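Okay, structure first, notes after.
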Amino acid sequence: LPLLLEAILLRLASGSHHPFYNGFYYNHIMNDKGKGQEKVVYFNGAKLVVETPKDPIYSSNGANVTLPCHYHYEPDLEAKRKIRIKWSKLRDDYTKEQDVLVAIGKTYMAFGDFRGRAHLHQASRREASLVVSNVRLQDDGKYRCEVIDGLEDESDVVDLQLQGIVFPYQPPHGQYRLNFHEAERACQEQGAVLATFNQLFQAWSEGLDWCNAGWLADGTVQYPIRLPRKPCGGLHLAPGIRSYGPRHRHLHRFDAFCFSSTLRGEVFYLDRPAGMTLEEAKQSCQDAGAEIAQVGQLYSAWKFLGLDRCDAGWLADGSVRYPITKPRANCGPVEPGVRSFGFPSKGRFGVFCYKER
């Protein structure tokens, strides 16, 4: 077969017809040397290599981050065409990738939520790094850096991880009341997004133990168990992430696991001698030039700013909670955490407010 193919190509080349030329040089028509091992065809006679960091890139909410990406040829050569660079974000549920940015030469276009926030950083030769400004919670995830030179197309993946905290969330009307879309909204209303599996796993490795199942960003329902027990999958199962797998996003109902990152402001506590109703609490925050804090903001302040307050306070969803970093008598369990009084219909408490810096 290789000899036959070579003979046909030579005959075409020596005929009266002009040889077809499409701008690419096919270095090797067949690479099978009879040993059953095929070699890669490189249209330029050189291999295009794309390189990104193997370790995750860490950032936080509101920051600017650079996702490094470089390319080169083996052996080295100068590209004769304008290189096309494409960045895309891989989705947690393995559906179609989300377009982030496409560039040819110095011309580029960003897409969707990345418009006005994404551009290329090309400070050095053969650099294709992506800069994302004002990082958002939903930016967490894996990104593909793709370099296209004619018919050559190579890519590598960068993992962007936001420093944050995962917290379980139930709405005021009780346990297992949220379908997937309602869970998404519930997290957003608390200054958070649905957590990914990787974020839940990280939280589990840091000590999160929660027996109620909740939605994740990929449409699966899971829950983290550190101490196996009968109501939480049974005593015979090892510690880990229990999974119900993908559930119907409209019909099935569970709680939610939300993810919040570091804050660009501060959470502070206000009180009155006689306490406040929820409406009075909201007004008190407004009078202080702030707004009533969301649940995600309280968790972030506890996790990253060390907020410690043994006084219960209203939050935006109508719940009453308080954050403890140094457990002590009369302040709940012996472990640090955000304590909850649920959603009281009556009662007077202080309030946690949030103010942007």
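A Cβ is built for glycine as well, from the same backbone N, Cα and C atoms used for every other residue.
Per TrEMBL, the features are as follows:
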type	residues	note
SIGNAL	1-15	signal peptide
DOMAIN	47-158	domain 'Ig-like'
DOMAIN	165-260	domain 'Link'
DISULFID	CYS211-CYS232	disulfide bond
DOMAIN	266-355	domain 'Link'
DISULFID	CYS310-CYS331	disulfide bond
- Query: Among all the protein chains here, how many other CB atoms are within 10 A of the CB of CYS331 (disulfide bond)?
  - Reply: 15
- Task: Please list, for the domain 'Ig-like' (47-158), how many residues fall into helix, strand and coil according to DSSP.
- Result: 6 helix, 58 strand, 48 coil
- Task: Could you state the whole-number distance in Å separating the C-alpha atoms of CYS331 (disulfide bond) and CYS211 (disulfide bond)?
- Result: 23
- Item | Secondary structure composition of the domain 'Link' (165-260) [DSSP: H/G/I, E/B, coil] | 22 helix, 30 strand, 44 coil
- Densest Cβ neighbourhood among CYS232, CYS310 (disulfide-bonded residues), 10 Å radius: CYS232
- How many whole Å apart are the CA atoms of CYS211 (disulfide bond) and CYS310 (disulfide bond)? 25
- Taking DSSP states H, G and I as helix and E and B as strand, how many residues of the domain 'Link' (266-355) are helix, strand and coil? 20 helix, 26 strand, 44 coil
- Between CYS232 (disulfide bond) and CYS310 (disulfide bond), what C-alpha distance do you get in Å? 30
- When you measure from the Cβ of CYS211 (disulfide bond), how many other Cβ atoms are you left with inside 10 Å? 14
